[in-house]
Amino acid sequence: MAVFNHPSYDAHEQVVFCRDEESGLKAIIAVHNTHLGPAFGGCRMWNYHSDDEALTDVLRLSKGMTYKNALAGLAMGGGKAVIIADPAHMPDRAALFRAFGRFVNKLGGSYYSAEDVGTSPADIKIASEETPFVAGLEGKSGDPSPFTALGTYLGIKAAVKHKLGRDSLQGLKVAVQGIGHVGYHLCRHLHEDGAELILTDIHPQSLAQVASEFNAITVAPQAIYSQDVDVYAPCALGATLNDTTLPLLKAAIVAGCANNQLAEARHGEQLKQMGVLYAPDYVINAGGIINVSFETDYDMAKATAKVEQIYQTLLTIFREADAQNRPTAEIADEMARKIINGQKR
Ligand code: NAD
């Protein structure tokens, strides 16, 4: 398994492989870039098929955090952690997260962890018994998901404004893939704004509950791409915009909270050629990390006001992409790199 020659390696400052025999912890922490400040990024727990799959994920996700934090205007770098484990089969979850906390602590504050897919604020609270370098704890900034949902909702509104010239979502059809922590709150915002929802999830029971709460239609997971909708909102896992799914899309807009939505950068170009407006994932889903950045002396009003800036940031990216006739993802990357390099210490 190559690291420095890995296709997703992007001058990451540190890649730390963590193993604790007693708890069974197997984790990788990637600190991508700390030019703007300590690296912030959640800890994902997933039943990866291979170590290489986990490495690819952590390298890509940590780079995304650097770009996300830069474009959100935060004095924070980018990092991420992945724990290689099956969340459903965990003999001693507390021991695992204490061991994880000890590894985070050894990094001495160059990386701050938080919850992500497969982990919860409760897990991070346990890690915090071993290290102060964690964020998003209950009683402080708390669960980031409602803020990620707010930012995603405002990002969808910015895309609708730019592409369809409308301020309201009334009567627009939105297909949401994944009604988990973020997807659920996003559905609430969309429903309150008058959107008609088409939902899918791999958990039929929660899907039925959410659909009934928001008067939504449900479809099978594979059917979500081909729905005749205005907006497709990927809110599950990454790489759902790929060679198989793009030909199926009928939506005019792709805007959702999932990380790493484009399987490859060229899919951003392909969306542009199809006339689909793509809201770059790490810009639209920055609401949670923006809220976390207010962890010390938490002030919800200030955090919310900063999350609301996502609307304007996306409009700027969309307009610049039109002006330069380039994919929105490329424009976002370029803007982020300018911020990161301009403030190099
Ligand atoms: P979550 O695990 O709570 O929700 C994900 C949902 O997607 C689950 O309900 C799951 O059953 C469903 N799902 C998984 N595979 C699916 C498939 N193939 N088809 C349909 N549904 C599927 O996670 P979350 O916290 O809501 O995060 C969702 C996405 O947003 C992730 O990509 C995450 O990295 C990203 N994100 C989350 C936050 C946050 O604040 N939680 C912040 C930024 C980005």
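Residue numbers in this text run from 1 along the chain shown.
Every residue, even glycine, has its Cβ placed from backbone N, Cα and C.
Curation does not apply to TrEMBL; its annotations are automatic.
What TrEMBL says about this one:
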type: ACT_SITE; residues: LYS80; note: active site, proton donor/acceptor
type: BINDING; residues: GLY178, ILE179, GLY180, HIS181, VAL182, GLY183; note: NAD(+) binding site
Distance check, please: Cα of GLY180 (NAD(+) binding site) against Cα of LYS80 (active site, proton donor/acceptor), rounded to an integer number of angstrom.
20
Taking the recorded positions LYS80, GLY180, HIS181, which residues show a Cβ-atom distance to ligand 1 below 6 Å?
GLY180, HIS181
If you measure from the Cα of LYS80 (active site, proton donor/acceptor), which of the binding-site residues GLY178, VAL182, GLY183 is the nearest?
VAL182
Ranked by the number of other Cβ atoms within 10 Å of their own Cβ, which of the recorded positions LYS80, HIS181 ranks first?
LYS80
Listed in sequence order, residues with CB under 8 A of GLY183 (NAD(+) binding site) and six or more positions away:
ALA149, VAL176, GLN177, ASP201, ALA233, CYS235, ALA236, CYS257
Most Cβ neighbours inside 10 Å, all chains, among the binding-site residues GLY178, GLY180:
GLY178
State the count of C-beta atoms found within 10 angstroms of the C-beta of ILE179 (NAD(+) binding site), not counting that atom itself.
27
Using the CB centroid of GLY178, ILE179, GLY180, HIS181, VAL182, GLY183 as the NAD(+) site centre, which other residues of the same chain sit with their CB within 8 A?
SER145, VAL176, TYR184, HIS185, LEU186, ASP201, CYS235, ALA236, CYS257
Mind giving me a neighbour count for VAL182 (NAD(+) binding site)? Other Cβ atoms within 10 Å of its Cβ, every protein chain shown.
28
